[in-house]
Amino acid sequence: MKRSRRTKIVATLGPASDTPEMIEKLFHAGADVFRINMSHLAREKLPERIEVIRTIEREAKRPIGILVDLQGPKLRLGTFVGDAAVLENGQTFVLDSDPTPGDTDRVFLPHPEILSALEPSHGILIDDGKLRLIVTEVSEGRAVTRVEVGGRISNRKGVSLPHTVLPVPAMTEKDRGDLEAGLAAGADWIAVSFVQRPEDVAEVKKVAAGRALVMAKIEKPQALTRLDEIIEISDGIMVARGDLGVEMPLEQVPGVQKRITRVARRLGKPVVVATQMLESMITSPVPTRAEVSDVATAVYEGADAVMLSAESAAGDFPVEAIGTMNRIAEQVERDALYWSILMAQRSEPEPTASDAIAAAAHQIVEALSLRSIMAWTHSGSTVLRLARARPNASVIALTPKRETARRLTMAWGVHPIVTKDASDVDDMAFRAAKFAVRERFAEIGDRVIIVAGVPFGIPGATNMVRIAFVTREHAERA
């Protein structure tokens, strides 16, 4: 199945889309990768959910990516007498280590490590930023605050700390169990929530040990101070605008989105733009004009993928939301301005063999107006370098490793195919041309560019670029 767009679509599964029939509909509507949010799925149900996707994959004969999203450390308040309290602007309010129910003067914060990390002037956001406190005084097991924005506060509401580096590990015990379950069930990508530093990603990568790629979710302002380091150590990046918009001024989020996207592209890492892209489609069959522009902007910026969260997980119109996102991406990619923007954002190749080969392939594509690049790959790294340049040609990844094909479903412009490795140079060229015809990326008389490594079967050995003509024999044997 050939998609007519290069930008990929990630669909979150949930109550509105967890049946085999609905997952299949989402796939045919345009979903390339399915996200499973471990904040809302019981661990024991994960293997079953993944197997449903694999069944659809086998029937469709096209790789489907699976992203398992770890919950990460969730900070929450304790309870209140009467289940709630109302805080007034300007009043004093205390967070402490006393587990008894709170009132209008104080409440339990069941995270002693957070109380010890707070400092005067630090902000505290409660219930997605609906209430805002400023720390005025800190002592052992106690933080005194001034209420800047008050309101009703109820049991176990979430707490965000935009100015505080959280002294908590990257993974909770729940995350560790979910990670092992995801790896055992065959997840292709693992998303790490609330990343603050490169070490958070390194910890997950150490456990994953190559069994899945690791994606860092940028949703804490602290991550921006070490953004390049985090992106370098990660296999992919998600711009998680929801929590970013809570912990930093909303008007700064678009600029941050552009910055993250550009750095990820420069470093050759897939970047996903997420959160509230088509939010109104949770309850409406059509999006707002602003939402259409939001999705289009992410595509124009060159994001590898755009993601739906509640729209596909819990909305009334999950299939329509995927279809809408699909049409927006297709329309943007037909715009000549899209390609001129991508061209203006290209960066110089890194001084590596893979980058040099990718740059040469890109120049040949432009000089000869070729439609497709056929890339033989084991690890997928050269394919990602090809996609990094955003060529005006489809990148067809030919790999003997099914896990590589699935991981590449996240990458811009890549059409992955699982096939046995080439036996020699002639077999490499013939089968590449044959697949180009079979997948409708080329016709008889077209030329295709082939990127490969000799000797075959050795990861990281990409060292050859070749041009092949598509003949009638290729078409007859496709």
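Placement of Cβ uses the backbone N, Cα and C atoms for every residue, glycine included.
As written in Swiss-Prot, here are the features:
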| type | residues | note |
| --- | --- | --- |
| BINDING | Arg35, Gly242, Asp243, Thr275 | substrate binding site |
| BINDING | Asn37, Ser39, Asp69 | K(+) binding site |
| BINDING | Asn37, Met38, Ser39, His40, Arg76, Lys157 | ATP binding site |
| SITE | Lys217 | site 'Transition state stabilizer' |
| BINDING | Glu219, Asp243 | Mg(2+) binding site |
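Overlay of Swiss-Prot annotations on the structure.
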residue : record                             : DSSP class
Met38   : ATP binding site                   : coil
Asp69   : K(+) binding site                  : strand
Arg76   : ATP binding site                   : strand
Lys157  : ATP binding site                   : coil
Lys217  : site 'Transition state stabilizer' : strand
Gly242  : substrate binding site             : helix
Thr275  : substrate binding site             : coil
How far is it from Asp69 (K(+) binding site) to Lys157 (ATP binding site), counting Cα to Cα, in Å?
21
8 Å Cβ shell about Asn37, Ser39, Asp69 centroid, K(+) site members excluded:
Thr12, Arg35, Ile36, Met38, His40, Leu41, Leu70, Gln71, Ala191, Ser193
For Met38 (ATP binding site) and Gly242 (substrate binding site), determine the Cα separation and express it in whole Å.
17
Have a look at the binding-site residues Arg35, Asn37, Glu219, Asp243, Thr275 and say which one has the shortest Cα distance to Arg76 (ATP binding site).
Asp243
Asp243 (substrate binding site) sits from His40 (ATP binding site) (Cα to Cα, rounded, in Å) at a distance of 17
C-alpha spacing of Asp243 (substrate binding site) relative to Glu219 (Mg(2+) binding site), in angstrom:
5
At the level of the C-alpha atoms, what whole-angstrom distance separates Ser39 (K(+) binding site) and Lys217 (site 'Transition state stabilizer')?
14
